[in-house]
Amino acid sequence: MADAKIEKLQSAVATLDQISQNEKSGFINLVSRYLSRVIEMPVFVVCWLDRSGDADQIEWSKIQTPTDEVVVPYDSLAPPPEDMEATRKLLDKLAVLKLNGGLGTTMGCTGPKSVIEVRNGFTFLDLIVIQIESLNKKYGCNVPLLLMNSFNTHDDTLKIVEKYANSNIEIHTFNQSQYPRIVVEDFLPLPSKGQTRKDGWYPPGHGDVFPSLKNSGRLDALLSQGKEYVFVANSDNLGAVVDIKILNHLINNQNEYCMEVTPKTLADVKGGTLISYEGRVQLLEIAQVPDAHVNEFKSIEKFKIFNTNNLWVNLKAIKRLVEADALKMEIIPNPKEVDGVKVLQLETAAGAAIRFFDNAIGINVPRSRFLPVKATSDLLLVQSDLYTLVDGFVVRNEARKNPANPTIELGPEFKKVSNFLARFKSIPSIVDLDSLKVSGDVWFGAGVVLKGNVTITAKPGVKLEIPDGALLENKVINGPEDV
């Protein structure tokens, strides 16, 4: 049954002239692996399960907590060389790759998420470029920046990077694969049924970074320049900056792969974690956890760290594994609906590749290296006095005594960036804030200070304005009289 499905799918994919031969074979390979695991079950059932179609069942009793040799404490790393020339030589072995395939749609923006203004008029991309520019200038090195786009972000990104033409940084863009969505009913590609718009296609997750780096020619170009490592991170993680200490450790210890992990808080309980399993370090995602152990997985007592998706990978190792077709990461089935048609897209995650690399490790880094902006509540944190901007680096305010950031919940009125910005005359001071919950039609004046735990709820149909200069400390506000 699986063979017949694949044969039919292969014939249909062969007629799709929008994608390359590499993309066609990569797609068929992914689907074949998926079907080989789930053939015992009807496809329509499998598609809608929240489980990884390709994940080997984890034997819970075999899971071990990684030792400090496997997940190295950041504080135990040797200091980087003090000599500028030695540091330059280290950095000349590095390239930085930002995953730039995401759109800002969840925050109400069009175009690549990396061009959302984060602070002082600078976008994510501006800050990334400024950071690498200052590194190249300080050490006289040549760290190039690669942007892996999706077909959704490619054209816009090409226009945007033109403004950096005169910077002292090489910027290269390449596209990750473009795969057709599969119609659940008959397992045929959606584009072969006349859906020729973008909706018929999808980028298959950031696990695709390794084959795409190779297929684009960028991998061989980096190796020919003497580059040894690539630092891969999400473009929306403001904490993901080049760390010479980490690079130095990996080169000295010949680690082919390093995942930065950081201590879990209650906000991160669903994040993937590193385990030792049958003698290798492995990423354990919640989708692989048997139902009986999900609560244990979410516990911050047993599984204390989670994946930041800041990855350092040896380029020769990527070439070896991609050419051997050895990177068979767990497949994440992602069901969608397009114009009422149930479709399936199969994805992989770059972190799951850790088990295929030799001498792979995690490094338990400070929380400051994980500062993603996924929603406007995160934007409030990074635009506030909790952080300052120094040479393109977002630096935490030392006046904040609590190592954790405040928890912030903003209602749907604040979801879009444009609405969020309109509702604040200026971003409040939150250095001494523990939690903020805002719901309803709430507007903030200039110079507002929030401390402790603050809840602000506007009653339905009522516009609630927090006046200029208001100090709200441990308050529950339901109307103007409570301010």
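Cβ from N, Cα, C; glycine included.
Lifted from TrEMBL, the feature list:
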BINDING   LYS113, GLN176, GLY205, ASP236, LYS374  UTP binding site
BINDING   HIS206  substrate binding site
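Within the group of binding-site residues (LYS113, LYS374), the Cβ with the highest number of other Cβ atoms inside 10 Å belongs to LYS113. It is 8 Å from the Cα atom of GLN176 (UTP binding site) to that of the residue listed as 'substrate binding site'. A distance of 15 Å separates the Cα atom of LYS113 (UTP binding site) from that of HIS206 (substrate binding site). The UTP-binding residues named in the record, LYS113, GLN176, GLY205, ASP236, LYS374, extend over a maximum Cα to Cα distance of 21 Å. Separation of the C-alpha atoms of the residue listed as 'substrate binding site' and ASP236 (UTP binding site): 14 Å, rounded to the nearest whole number.
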